[in-house]
Amino acid sequence: MASKPGILTDWPWTFLGNFKYLVLAPFVGHSIYTYFMSKDESQRDIIYIIILPLLLSRVIHNQIWISLSRYRTARGNNRIVDRSIEFDQVDRESNWDDQIIFNGLIYYIGYLLLEQAHHLPLWRTDGIIIIALLHIGPVEFLYYWLHRALHHHFLYSRYHSHHHSSIATEPITSVIHPFAEHISYFMLFAIPLLTVTLTGTASITAFGGYITYIDFMNNMGHCNFELIPKWIFSMFPPLKYLMYTPSYHSLHHTQFRTNYSLFMPMYDYIYDTLDKSSDILYEKSLEREAEVPDVVHLTHLTTPESIYHLRLGLASLASKPQSSKWYFWLMWPVTLWSIMITWINGHTFIVERNLFKNLKLQTWAIPKYRIQYFMKWQRETINNLIEEAIMEADEKGIKVLSLGLLNQEEKLNSSGELYIRRNPQLKVKVVDGSSLAVAVVLNSIPKGTSQVVFRGRLSKVAYSIALALCQGGIQVVTLDEEEYKRLKTKLTPEAATKLVLSKSYNVSKTWLVGDGLSEDEQLKAPKGTLFIPYSQFPPSKARKDCFYFSTPAMITPKHLENVDSCENWLPRRVMSAWRIAGILHALEGWKEHECGNMMFDIDKVWKASLDHGFCPLTLASAIESNN
């Protein structure tokens, strides 16, 4: 929102929320009915029905730019601005599709009102030339002066400041303006389209090409990485007056009073508003190499729909805890295509970057889904992918690599020990984060608890929790004889006196649960039971009269920068213990691996996390985030 919002700031359909697309429904329905059901051949016009595919292609075009820009800026090569993107920017820019809806309404209404817009040919050279000339002349010229007017304090505070709230731009930043601004922009871009329509020189190619050109240049100018090679300007020097670059427009967002032009810098040259550092920034951005992080967190895909929740996916979904959406079934072709791409690609990819004080962080993802980790025939392939990522990190000089989710599965690689045995010369420290996960679970148990129930699949973390509880005088109750025997073998004789086998589910209202906790078992727990997971994945919630704590995680400090997405099902600015452990490892300069049977001192790790600003989740915050 602008600092002093003016009239026509909000979009007319804002009150409709996610149902805003319904404003196009009457036109879409009418176009389909007219084309397929009309008996009058003259009313069957391909122009009317292809408006919807045009709008959908614009959505896809924009999304490709979003994903590409986020991937490239995470890598760091050719990045222009180093500032962070946070949740407030994602929320502010979440309505980027409003302008497509607005344009769609105008296209439909324009078609119905203008007889000249009917039955257009595929190609007309004269119309394409007219559009090009009108864009270079009136459109670019008028936009330049409109843009300068919008930077006058009166209009800036009421309208244009909303757009400039984003210093580190993303492609969709290009269309984040109040409704009134979009009206003025559309009036400018309509000049060439309306002219060729009224003069009878319009064509499908001219319309589609001009709209695609506007989207392409808008997205490119705000993508925050430089991609225009120098040889293009060397081959045709006048091009620098006819095409801007991402770094050129980026200066407008950092300096505000320079580089006002739309897509063609010639008017900045003519009216002396060119930023003198434009060429320098352009060359520096081109020369910038990919960033080498200090810490890498290695995760993987979970469900097929998790691609939409990645930072590289849909920004608005990535900024919220992962959950299934009803409209995902409509996107199954895209989901299937992404599964095929990840299957074929077979190489780790960068998901995001962060900055913790002076520590550079990256998250890498294995292109495998959760279900594949439980397929025996996939284990060798997955282990090879993880090992390749570790060796790549070692080669690049990365200090720490933490294993997230099932990448540290005991049955898969003995909590990472497999890679240490294979590569004893590793300099990068491999961390499974078990010690901090144990510490988080122990500190999530309500004060004064004297007895807890253990359920679910036992793991390295589970054994350590049970040992710490028994040594601390808290009784650990198991409901399965086999689990009881396995736990007992891991305890000292003194600690084992606190381990109890019971057949009653009502012994305690504090349950520590791992993978494999069934819904039937949850239904047997007493009312008001607190389920505290020690597993990587949260249990399914079968009870509304019980409380479910988060999987081991902590709230991140404010100086963790560039946080604009959620980690799987965790709420905003909450990070899993396994991921935090890698950061602590680098901050503290610990020289040992933490994998296999290796465990750090739990109290030492917990204190380090608090010292560096990480905060425990409270029961209230965990419940609130799950509602």
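Cβ from N, Cα, C; glycine included.
TrEMBL lists 19-36, 48-68, 99-115, 127-146, 183-211, 326-344 with the feature transmembrane segment. The feature domain 'Fatty acid hydroxylase' is assigned by TrEMBL to 134-273. If you look up TrEMBL, you'll see 452-616 marked as domain 'Very-long-chain aldehyde decarbonylase CER1-like C-terminal'.
In this chain, the transmembrane segment (99-115) lies in contact with the transmembrane segment (19-36); the count of Cβ pairs under 8 Å, excluding pairs fewer than 6 apart in sequence, is at least 3. Counting residues of the domain 'Fatty acid hydroxylase' (134-273) by DSSP class, helix then strand then coil, yields 98 helix, 1 strand, 41 coil. Of the recorded ranges 48-68, 127-146, 183-211, 326-344, the transmembrane segment (99-115) has the largest number of C-beta contacts under 8 angstroms with 48-68. Note on the domain 'Fatty acid hydroxylase' (134-273): its mean pLDDT in the predicted model is 97. For the transmembrane segment (326-344), same-chain residues at least 6 beyond its ends with a Cβ under 8 Å from one of its own Cβ atoms are 301, 304-305, 307-308, 367-369.
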